[in-house]
Every structure is written in C-alpha cells, then in structure tokens.
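> Just dropping this structure here.
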Amino acid sequence: MSYEEIAVQFASESIDEQTVAGWVTDFAYQGFDAKRVIALVKDRGGEDWKQDVKKMIVLSLTRGNKPNKMILKMSDKGKAMVNELVLKYKLKSGNPSRDDLTLSRITAAFAGWTCQAADYVQEYLPVTGRAMDAISSSYPRAMMHPSFAGLIDQELPADVFSEITQAHCLFMIQFSKTINPSLRGLSKDEIVSSFERPMQAAISSTFLTSANRRAMLKTLGIINDNLKPSSSTVSAAKVFRSL
C-alpha cells in the first residue's frame, strides 16, 4: 500500500468525540489566558469578587506574587486577609497550571485597574515613582508594572507604538534589576531579553481589542485623542534609547 493510499484510508478512521475532548484538555495551552483567569475569579469569588480582585492587585503591586513568603512579615490582620484570599481563590505561588490562579495572572487579566492603582501605591512599588523620576522626569506611573504591556496597542502608528513600548521598557529594566540582582551587571539588550518574550506575548494578545486598549491608554494619560504620546512618555523613550 502506498503512502497516498494510507493517507486516504486513514481519513475514514472513526472520530470519538469524548476521546478527542479529553485530548484537547490534556494538550490545552498552559500559559496565561485572561478569559480563563476572569472566569475562575468570578466562579470562586461569588458576589465579592470585584473587591477581592482589588485587594489582590494591591497586594501584588506592593508585596509581590508569593503569598506564602509575604505573610512572614505582615500584621496579623494582613495575614488573615491574605490567607482568606489564598483559600478562597486557591492562589498558587509558582509553576501554575491552566486552572491555577496567581496574583501575577490576576494583575495581568485586570491590567487596566492594575495600572491605575500603580499611581496610588507608587512609593510602595519595588521601583518607586521617585526612583523613576530620577531617571526620567515625571515618568508615567501607569507604566510601572509589567501588566502595562497588555494595554499597548500594536495597531497604533508605528512611531507611537515604538515610543510607548520603549518608555515601558525603561521601567522594566529597573524593575528587572531590582527583583533579579543577577541582571545588574548586564547590558541593556541582555536585560531586555529577560522580559521581552512575556512582554511581546502580552502586546500580541487578542484578549483586548485595539479600541479597548486605546481607550485605556487615553484614560491613563499615555496618549491623547489624536493618538499622540504624552510628553513624559516621549521623554522616557528617549532616555531608554540613550542607555
């Protein structure tokens, strides 16, 4: 039997729906899926999910993404709140599967609120607002979290897209060196390569439409109604290029 005949014959093989469905689950993408994160949050959170999400975002912004470690240095009231959230949402600290929730996934799924909240807690972030201002005057606070990448609209004019991305990278370099000291002696390109893949994945995500992203960027003051970047964004991008 020729290979062609084998291929033709194989086309008549039966398709068992239940078996195929099982394979789909087994092979499902294990990375970040914002829709799945939101579905899990709503399912596990009940009526209070919105308030809980705000708590978890502030927690992630100010204390990181590992609940089991952060509670070691926290008030009794804070510990109780964190432990309640961990139990309620089944929060994981590392190596999550598709149906696991982490603080970082929640901040990314709700990036619009995360980036607004960054302004309010700027002095409690790993890299503070004052620290960024020392590098680039009036640095955009909304860019001061990795989740901002999920709001960048790649359908903006090329020069605007580039300015916004480079301005965000300026923060990401400082953030990466702060949370990973081993990067501090590396070149700009080497540090960028450490966060470039997840950043590009967030930018390329189809979760938010171009229109939604632009609306959020306007709300955050990153671009105006004419799609022009703010002066602080342009300045930050210029500093990034000069590194």
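Glycine is no exception: its Cβ is also placed from the backbone N, Cα and C atoms.
In case it's useful when we look at the structure, here is the feature table from Swiss-Prot:
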BINDING   Tyr29, Phe32, Lys66, Ser104, Arg105, Arg184, Ser194, Arg197, Ser204  RNA binding site
SITE      Tyr29  site 'RNA-binding'
SITE      Phe32  site 'RNA-binding'
SITE      Asn65  site 'RNA-binding'
SITE      Lys66  site 'RNA-binding'
SITE      Arg98  site 'RNA-binding'
SITE      Arg105  site 'RNA-binding'
> Which ones, of the binding-site residues Lys66, Arg105, Ser194, Ser204, have a Cα no more than 10 Å from the Cα of Phe32 (site 'RNA-binding')?
Arg105
> According to DSSP, which of helix, strand or coil covers Arg98 (site 'RNA-binding')?
coil
> For a quick check of packing: other C-beta atoms within 10 Å of the C-beta of Lys66 (RNA binding site), how many?
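So the number of other Cβ atoms within 10 Å of Lys66 (RNA binding site) is 16.
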> Fill in the CA-CA distance, Arg98 (site 'RNA-binding') to Ser204 (RNA binding site), as an integer in Å.
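Per the Cα atoms, Arg98 (site 'RNA-binding') and Ser204 (RNA binding site) stand 19 Å apart.
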> Could you tell me which of these recorded positions, Asn65, Ser194, Ser204, has the greatest number of Cβ atoms within 10 Å of its own Cβ?
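Highest number of other Cβ atoms within 10 Å: Asn65.
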> If you count Cβ atoms within 10 Å of the Cβ of Phe32 (site 'RNA-binding'), leaving out that atom itself, what do you get?
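Around Phe32 (site 'RNA-binding'), other Cβ atoms within 10 Å: 20.
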> Within 10 angstroms of the C-beta of Arg105 (RNA binding site), what count of other C-beta atoms is obtained when all protein chains are considered?
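Result for Arg105 (RNA binding site): 26 neighbouring Cβ atoms inside 10 Å.
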> What is the separation, in Å, between the Cα atoms of Ser194 (RNA binding site) and Asn65 (site 'RNA-binding')?
18
> Can you tell me the three-state DSSP label for Ser194 (RNA binding site)?
helix
